[in-house]
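Undergrad: Per TrEMBL, the feature domain 'ABC transmembrane type-1' maps to 106-334. Per TrEMBL, transmembrane segment is recorded for 31-56, 63-83, 103-131, 151-171, 177-194, 225-246, 318-339.
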Amino acid sequence: MGAMIGLAGLLVTWAAATASAGFGSRGRQSGAYLLMGLNALAMVTIMAALVAFVTLKGASKAFAGIEIGLGVGPEIVGLALPIDWPFVMNVSQGIYVDIPGVLPAIMGTVWIVVGTVLFAVPLGVGAAVFLTEYAEQGRFTRIVEVTTNGLWSTPSIVFGLFGAAFLVPRFGNTNSLLSGILVLGFMLLPLVLITSREALQSVPDEYRDASAALGVSRWQTIRSVVLPAALPGVITGVILGVGRIAGETAPLLLVMAGSPFPSDTPGVFSSFEFSTTPPFVTNDALLTAASALPYQLYATITAGVGAQDAEAFGWGTAFVLLLVVLSFYAVGIALRAYFRSKLHHE
């Protein structure tokens, strides 16, 4: 299928180039527009077909048993929710309930994404600011650039092996949510650094010169002028990275995975404990194995674990994973649009 699509793209490219060759500059321009339009249409069609296929296979299972009305859902802080969505809201998992749910896996995926972003974005943006605004452009920055590109293209299983050999022994020789967050954070860090550098470099030098002419310090210029102008580009890089880390399976198998169907969600907020002695802050939930949607999907499809109808349950899980990733995309795109409009109005 992929080979046929690639061959069709090449044929379209060749046909457009050949057709426009004999029609002068205006003909070549029209041919270029036609070529770009057809390529864009092909990409949109392929992506829409993938989303539609997963939706058709998994939506019926994911929406099974859903009820909407006052007080039909589970209670939260003494109030019953107006929706009962068993496949998403059920905590008890496996073959022992009529409709097994994916709530612990959803929360595991959410915590992975949130923790990874909180870990990688400050480090990546800070490193990009140093390399772009402070470091002298020379051999050192070129080495960092080549190394960063190499890390971003490194297979995820290599990061997983690093985590299993280096991080897991330091967290009690057991898989943990924190190990998964750090490993995926290391994977996201190169992309954040690359996109942040490109975003900072795209800010016109006139902004920096005008700020310096007003007597503003370099750090104040970076904080008040350069970073706000580069923020939409940084968010774009984070959006691209979230799509990858939310669907990773191999590293989680090595550093985070416990039972694919845990009986409870990761209680990260409620597990914080503070003390006056080192390490001052502890969180047992972060040091406990957890599940995630990609891992649960892997266990269901490959081993038939957790449900009487493993295939249908797997497609339902894939559909929910798609919704979660698209939700993160929507939040990121909304933030990017907000900061972009704010920048244009200032």
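From the backbone N, Cα and C atoms, a Cβ is placed for every residue, glycine too.
Because TrEMBL annotations are produced automatically, they should be read as predictions rather than curated entries.
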Undergrad: Are the transmembrane segment (318-339) and the transmembrane segment (151-171) close enough to be called in contact, which here means at least 3 C-beta pairs under 8 A that are separated by 6 or more residues?
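TA: Since fewer than 3 Cβ pairs under 8 Å link them, the transmembrane segment (318-339) and the transmembrane segment (151-171) do not come into contact.
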Undergrad: Mind checking which residues of the chain, 6+ beyond the ends of the transmembrane segment (151-171), have their Cβ under 8 Å from one of its Cβ atoms?
TA: 178-180, 182-184, 186-187, 189-191, 194, 248, 250-255, 287
Undergrad: Same chain, outside the transmembrane segment (225-246) by at least 6, Cβ under 8 Å from its Cβ: which residues?
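TA: Same-chain residues near the transmembrane segment (225-246) but 6 or more away: 109, 112-113, 116-117, 120-121, 125, 129, 133, 184, 187-188, 191-192, 194-196, 198-200, 202-203, 207-208, 211, 216, 293-294, 321, 324-325, 328-329, 332-333, 335-336, 339-340, 342-343, 346.
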